[in-house]
Amino acid sequence: MGLGLLASRAIRPFNSSSGSRFLLRTIVSKPELQSPESSAAAADASPEPDLPPRTPVGGARVHFTNPEDAIEVFVDGYPVKIPKGMTVLQACEVAGVDIPRFCYHSRLSIAGNCRMCLVEVEKSPKPVASCAMPALPGMKIKTDTPVAKKAREGVMEFLLMNHPLDCPICDQGGECDLQDQSMAFGSDRGRFTEMKRSVVDKNLGPLVKTVMTRCIQCTRCVRFASEVAGVQDLGILGRGSGEEIGTYVEKLMTSELSGNVIDICPVGALTSKPFAFKARNWELKGTETIDVTDAVGSNIRIDSRGPEVMRILPRLNEDINEEWISDKTRFCYDGLKRQRLNDPMIRGADGRFKVVSWRDALAIVAEVAHQVKPEVIVGIAGKLSDAESMMALKDFLNRMGSNNVWCEGTGTQPNADLRSGYIMNTSISGLEKADVFLLVGTQPRVEAAMVNARINKTVRANNAKVGYIGPVTDFNYDCQHLGTGPNTLMEIAEGHHPFFSAISNAKNPVIIVGAGVFEREDKDAIFSVVETIAKKGNVVRPDWNGLNVLLLNAAQAAALDLGLVPESSNSIESAKFVYLMGADDVNLDKLPDDAFIVYQGHHGDRGVYRANVILPASAFSEKEGTYENTEGCAQQTLPAVPTVGDARDDWKTIRALSEVAGVRLPYDTLGGIRSRMRTVAPNLLQVDEREPATFGHSLKPEVAQKLNPAPFKSAVENFYMTDAITRASKIMAQCSASLLKK
Amino acid sequence: MLARLASKRLLEIRQVFRQPSQAFRSFSTALNYHIDSPDNNPDVPWEFSESNKQKVKEIISHYPSNYKQSAVIPLLDLAQQQHGGWLPVSAMNAVAKVIEVAPIRVYEVATFYSMFNRTKVGKYHLLVCGTTPCMIRGSREIEDALLKHLGVKRNEVTKDGLFSVGEMECMGCCVNAPMITVADYSNGSEGYTYNYYEDVTPERVVEIVDILKRGEKLPPGTQNPKRIMGGPEGGNTTLLSEPKPPPCRDLEAC
C-alpha cells in the first residue's frame, strides 16, 4: 500500500496539467530584474495578476465623490482603487479581505485600541493597525503573511489572558466575535499562569446585562453612547490592567437606544437581560420583518423558537434605521405573549365575557350592524393595523352604507388630500443633509427614536442648529428651546424671531411638525403658518423639500393614503355601532351608552373595557401585512410565529363578517386585497421603495381658521408604553418604572 | 520521555513555590467606581473657594475658548489641593461644570492618573517610590517602617487625620534612591507643597514624620548630610576640571 502511494506521488507530477511547478527550477536570467524601467514595462504589459477575482466583503461598494481623489493600493498583490482618506482596513474590505477586528465599527469613531486588525505594510518597520492607518497611494498591504498572522496571534493571546473561560454559560456564545476569531488566531493554551483579573459588574438598567470580567475594553459601547445615543454616561475608568468600562457613579443608562450596545459588544460583556439564558442563537429561526411600535418602520429580524418570539434584532437599512433600533422595538416582544385574546367572546347580561364560536360571534355582529342606521356605524382602525385590513374595514363599512372610518391618531378631520401634508418629505436619510432643524410640537426622542438618532448624527456631523417649539423636554443634542406654543411659530412666520434668519440663511432647512398637532382643533391654521415659514424661508425648493410631518403610529401613513377619513367630525357622539380594529387609544367618553362595540384585536387592552364582542386577531409578528412608514416607504411584515389560540388575520375576519352580513367583499386572498389596494393607493405595493409625494403644499386651499395660543402638548407621555403590545410587556413596564423616574 | 518527566517535575516544584500572594492582584489605584459615603456623594455641595475661582479663570485662559476641556487636569489638581488632598465626586462634578463636559469625562481623567486621590488622605500624604532602583535600595523597608510607626495600612489615614502612606512610581530621583514624597495639604491650595525627601533610611523617615507632626518645616532634598543634591558622597570624584571642548572645528573661526 505504502509503495502504491509513493508510486502515485511520483507519477502525479507528470500526468497533471499543473505539474510544471513540481519540475526542477532552472536558473534563467531575467533582464527586468536588473533594471527598474524594464520591470515597470513588464508590469504594464500584464497589470492583472493571474489570481482569481475577489468580491468585496459584505458587498462593500466604493463611491468616488471626486474621481481625482482615487488612489490605488495593493492588497495581497491585488490592485484596488479607493477614494483618498479611506483606511487600510476599508481598502482591504474593498479588495475582499476581511480583517479581524474588535474595536473598529464602521458607524463609530476610530479608536484603534484592540490591535486585532494588524496587517503588514511594505516598508513599514512594524505591523500597522489597519483600522486607524490611512491608505496611501501605492501602499502594498499584506494581510496573510506570517508577520500579520503572528501579530494577530499575539494580540489574541493577550486578549484571552484576562478573558474568562465561561463560553458555555455566556449568552454571546455562538455569535461572539472573540470566540469566532479565536478559532482562527487563538492558541489552545496560553502562557499566562497568573490569576485572571475580575471586574465588578455594573447595573445599567433592566435591559442590558453586564458581565464586565468578559470585557476586552474595545470601547465600542462608550463611543456608541456618546456618539449615536447622545448620552454621556459610559466611560473608560482606570488604566492598565485595572481599566474597566463603567459609569463611575451608580447610574442607569437612560437612553432609548441602549439596547444597541448589546449588538455592538464583540464579547459577552453586554448582553440582553430579558434574553439571558433563554436560548442559543443557533436554535432560533430568524424572520426578516418590520417593526410597528412607531412610525419609523425599523427593519428587524424576529428570532423565534417554535411558537415563541425569543428576541428582536435590527436589520441593516441605510435609509431608515441604519443598523440600530430603539429599546421599545427590541424589547417589546414579551408583550406578544401576555394579555392575548385567544377566542371570540361575547359580553353576557352579567357583564362577563363568554367564549363563543366564530360563527356565533360574527352572526351577532352582523345582526347588530343591520339593526342600526348606516350613518351611526363607525369604524376605527388601531395604530398597529396593516394596510390590507384597513382597506377591508373601509370597504366593509362603505358597503354597509357608512363612511365613518378613520385611524386613531389622525385627529377628527385629517387632511388626506395632499400626501405631502402628512409624510416626511425629506426622507429619513435625507435629514443628514440638513443644517437647520425646526421641530414644531414634536419630541423625536420619544416619538421616533430612530429619526432622533439621525438628527443627532446630523447635529454632530455638520453642527446643524436645532430649534424646538413645544413643552419642556430633554434632548440629547444641543437644542434651542424657542417657545411652547403657536405664538412663537407666528413670530417666526412674521420674521420677528431671530430663528427665522437661521432658517432663511440655511442651505437645507428642515421643518418637522409632530403628528400630535393633528389632534388640535386649529391644526389647519398651524399648518398654514408652518407653510408660510416654509415659503419665506425657502424650505421647499425643486431640489429640496424640507417640510415634514413626523407621524406617530405605524398605521397612520397607510390609513391616510387609503383615505380613512371620517365623514363627520362628531360621528363618535352619535355612534350606535362601533367597530374598533385594534383601536385602544381612541377617546370613547362621548360615546352613547347604548352603543354596541366590537373590538377586534390581539391584546386585551383599553379597547376591550367597553366592548360587547371581542374578535381575536393576530399581531404583527404573526401576519403578513403592509405598513407604510412616516417617510412614505411601504414595507411588509412576515409571519414569524403562529397565531395565538383561535385568532385570525384582521382582514380575514372582516372578509368573513362581510359575508355573514350579506355584503361580501370581492377578495379572498392577500393578492386579491392588494390588487384592490392598487386601485386606491398604488404606492403601497411598491414594497421597500420610498414613494415621494407628487404634489406640493402650494395646492392647498386658503384656511380661515384662527390660531389657538394654547401651548403644544407632548404626544407621547411614556416612550416605553405607546400601544397594546408595549403596554402588555413586562420589560417595558420595568423600563418605565426605573428609567423614567426622575 | 526524560525531558517530559523533567518538565513535569519542574512544574510540580513551581507549584510548591508559587507565592500565595498571587491569589490576589494589588493595584496602586483605588476602586474604579464610586461608592456613596456620607462625606463623598454627589449631593454634598462643593464649590471652588473665592480665591481659587480667580485661579480657575486664569487656568482656563491658557486654553482656546472652544477647548475648555483641556483644563481638566490643572483644575482637578486645584480642586484636590483645596479639598485636603482628595477629590470627592462632587468636586469632579464641579470641575465638569466649569469646563462644560459630561461628568464621566472628568471621572475618566481622575481615575486614570494615580496622583488624583479619590479617597480621603492625611494632611501629609507620604508616597514611597516603589520603582526598581528605589526598591533595590530598600523602599520596602522604608514603607514598612512608616506603616509600623504610624500604625496604619497602605492608603489608610491615621486616626488624627494627619498622615497617610501610599506608593508611587518613579519620580526621577533614582540617583538619590530611596526616596519619599510628602504632599502637604495642611494649608490648603495656598500653602500646598509637594516635596521630595531623598536618601532616606527607615530611621530617617520616622524622624521626618515626627518633625512634620510637630508642625515644623523640613528642607526638601537629600537626607544624607554628606551629599550635596545629586552629587556623590564626599565631593566629586570625576569631572573635576573644566570639560574639554568637543573635538570639532573651531566654531569662532568659521
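Each residue, glycine too, has its Cβ placed from N, Cα and C.
Record features (TrEMBL):
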- B:C129, B:C134, B:C170, B:C174: [2Fe-2S] cluster binding site (BINDING)
- B:216-254: region 'Disordered' (REGION)
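Features as recorded by TrEMBL, highlighted on the structure.
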| residue | record | DSSP class |
| --- | --- | --- |
| B:C129 | [2Fe-2S] cluster binding site | strand |
| B:C134 | [2Fe-2S] cluster binding site | helix |
| B:C170 | [2Fe-2S] cluster binding site | coil |
Neighbours of B:C129, B:C134, B:C170, B:C174 excl. site residues, C-beta within 8 Å of centre, [2Fe-2S] cluster: B:G130, B:T131, B:T132, B:P133, B:M135, B:S139, B:E169, B:M171, B:G172, B:C173, B:A177, B:P178, B:M179
Positions on the same chain near the region 'Disordered' (B:216-254), where near means CB under 8 A and six or more residues out: 175-176, 195-201, 204, 208
Secondary structure content, the region 'Disordered' (B:216-254) (per DSSP, counts of residues): 0 helix, 2 strand, 37 coil
B:C174 ([2Fe-2S] cluster binding site), number of other Cβ atoms within 10 Å: 18
Around the Cβ of B:C129 ([2Fe-2S] cluster binding site), the count of other Cβ atoms that are within 10 Å: 28
Greatest C-beta neighbour count within 10 angstroms, which of the binding-site residues B:C134, B:C170: B:C134
